[in-house]
């Protein structure tokens, strides 16, 4: 019997494989249709335009269901292994609540695209990654409290390594996003701090040359008795 056929091992396996496919297939579709830049775009950018948006949505919704099922199985497992330890029970229940909130954020990311409702999309990303990091932290603490009676120390160190990797990834992603927005799209604060000097040396000016007094293509001689709409001014 393969390891993923034992008990409910298929749930986390299916979650990882399906979620990876949820990112890969929409990306391939968006690249094939030339909807995004092939050089490592944001995940949200591959879920803006149809048909990859539809594919991204339905696949990530299934991932959300698998994620909730996996978290619930983990919750019941900890309950069964530590029936008389109140601290672990309370921490375990808190972890389940945070996990469900994180999954709800994934639903928001899926169903509220960045181009449609940006604020809701960002809220979903904050819940998914921010609250999800706290869920990983709680699982790491649980692993620490359950060693060495329930499992070996290597489980704790593996979860701690994954937690640190996820936190570092979140920080790097947040910093890169902030730098991208603040570095390329100026604000009043940015100009006060003398950022982006290259943009300060550039100005745009456009003038409008009117070839007629109206927007019609009818010759002026045919409109002598009419009061045409005048257009004046400059930009």
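Positions of Cβ are set from backbone N, Cα and C atoms, glycine also.
Annotated features, as they stand in TrEMBL:
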{"type": "DOMAIN", "residues": "9-178", "note": "domain 'CWH43-like N-terminal'"}
{"type": "TRANSMEM", "residues": "7-35", "note": "transmembrane segment"}
{"type": "TRANSMEM", "residues": "55-73", "note": "transmembrane segment"}
{"type": "TRANSMEM", "residues": "94-112", "note": "transmembrane segment"}
{"type": "TRANSMEM", "residues": "118-144", "note": "transmembrane segment"}
{"type": "TRANSMEM", "residues": "156-181", "note": "transmembrane segment"}
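Within the chain, the transmembrane segment (55-73) has long-range Cβ neighbours (under 8 A, six or more residues past its boundaries) at 8, 11-12, 14-15, 18-19, 21-22, 25-26, 29, 46-47, 95-96, 99-100, 102-103, 106-107, 109-111, 135. Here the domain 'CWH43-like N-terminal' (9-178) has a mean pLDDT of 87 out of 100.
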